[in-house]
């Protein structure tokens, strides 16, 4: 028997789910309508070029995964072997930065460092090879995913119980047997999940490929969708590409969930546990080299971004009305997206908790939807949603006029899984403490929000908000489709400046954008851990 | 509640069945008005579930919960004439002692002068005068439970449910708290349902006993009968029949 009293939290969750369904459903409606309208066109889009795009998409993702994950195994192991050394905390902190850095900023950093006009080329001279193409894409993907994989592996190594280390040290295990018997089993267990996550991120990577791909030879499905809509204006081809992209990501995610991977990544820093095995001299030297190399690889593009950004005429940029306008637009859209994202996330979190509380026995479909369903929005890349709506709306209205709505809603939904991760543990813990008490004392609705939920949740909410805002500020996917001269965000303006070869301007803007996003994520992190005991 | 000296009322579970999806609970029992009834039983026997059903945190699958003769099945927890003190999490960590108690008067903390006077009086009754502005984390475990009892006083409901509220306190502190409950009970004469694991607790303040076993009421009676060695067999087994058992062994040796 269900309790007759209805819970507003469940209603909120249903509303949020409906909004998300509308967003994704609308995109699919646009695709289906276009496909049905021009079926032969969509079918004829299956050509050699398409085959090449699919093959390249998979190939670059596989290579990126290999180059990120294998070194990460050893870097993580090295970091775990040396739980205490000067700068370790800094390295781990630095390894969280790529998660916050907009892809366009990182891509520019890669160019500034390794490009034809970059710092290395200045040393290497005329023979320095061009970075555009596969090598540039790989460099950027490894820059993003090596630190991510390292942190995930380090987390896995952190799950080895201290007693096992004590035992290993008592039994006199050296580095090799300890690796084989203690470390490798946990690493191997997390390997499929981590590799799958990285593969997924690389297969849906848009900005990096757009900027560093440098031509039709190195194009992925996402970029091809964008080109089909914005340049060739070939909706039929866009439909085919989108359907392929969805099928591809869906297959990957299906495989991922089989492997038990965590599709949303993580912003947490693992703590250093006590270790009872001390590394020998050779091993220490080897580990030190490994860690320094990884550090240089990750810090390099960031340093290049800062250096070339400072080289730009920042004061002139700040005075430009286009820059000001784009900054304002970015800030406004980012704020709205973050607000919407937090509201949607909170609705789902509350509904899930309320449903779990009234549950007897099995979980309902609705509870599943509010729980894992939220993570599955990542299956549908922003470009796909954007493309669907683009096709749906192009016949009824000016697609560029709805740019703000698209940017806000798509970014809000895309940031949701991250916001949920930042907020749900705190909400569930607070609910665990307060639920009965509130029911008993009749504290509900506005009173509950004011007296109970807000005071105990404002920090995690702020964390989710800052994180969502950073993600949407740096996004180039949706705005690349819908952007125009009248609606420009900072990443869009950056792209435009690059396109017109105003490299210094682009570097300056990248520095600005990167700094803002980084500040937001640092704030999110600080808010998240700041709960004083 | 309006009147300051409301007498306790009887609590009756009329063939109440309930299940978390596994083994069902079936309670059919009456708790006498204005008495302290100790509820004992092994872990999982349904002690807390029984209190949750009375408080309204759980809804019976069938049967009726009657408080003072009225079926409260359709009432929200806050509308029932009961107060409950949990083992922990009785207080909002971010609110002062005063506000935590004040929530017993108004869920929006819209307090009148009379309310404030009642809160001050309740706090001094439980020995916390002067600590009104403290936050829960600045109090000891025993003091936190005293705040919860102060809130019970300002709520002034005819039924008090205690779900092992003193289980995490040391022995002498627990005795102090039990005496406080007994003292409050002597003044207010509310019906107290007291879940505990400790036979000494039940012995100290319990007048009646209800013993649960496997989701059923296995035995009821006065606390005196339960503890004089003639209590039900299952109950004696549960508390280990400590003195009796050892005497038997001693006798065999001689």
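Cβ from N, Cα, C; glycine included.
Automatic prediction, not curation, is the source of TrEMBL annotations.
Among the ranges A:157-178, A:399-420, the stretch that TrEMBL annotates as transmembrane segment is A:399-420. Per TrEMBL, the stretch carrying the note transmembrane segment among A:12-32, A:33-53 is A:12-32. The transmembrane segment (A:461-484) and the transmembrane segment (A:330-351) are in contact, since at least 3 Cβ pairs between them lie under 8 Å (pairs 6 or more apart in sequence).
In this chain, the transmembrane segment (A:284-310) lies out of contact with the transmembrane segment (A:399-420); the count of Cβ pairs under 8 Å, excluding pairs fewer than 6 apart in sequence, is fewer than 3.
Between the transmembrane segment (A:504-527) and the stretches A:12-32, A:284-310, A:330-351, the greatest number of Cβ pairs separated by less than 8 Å involves A:284-310.
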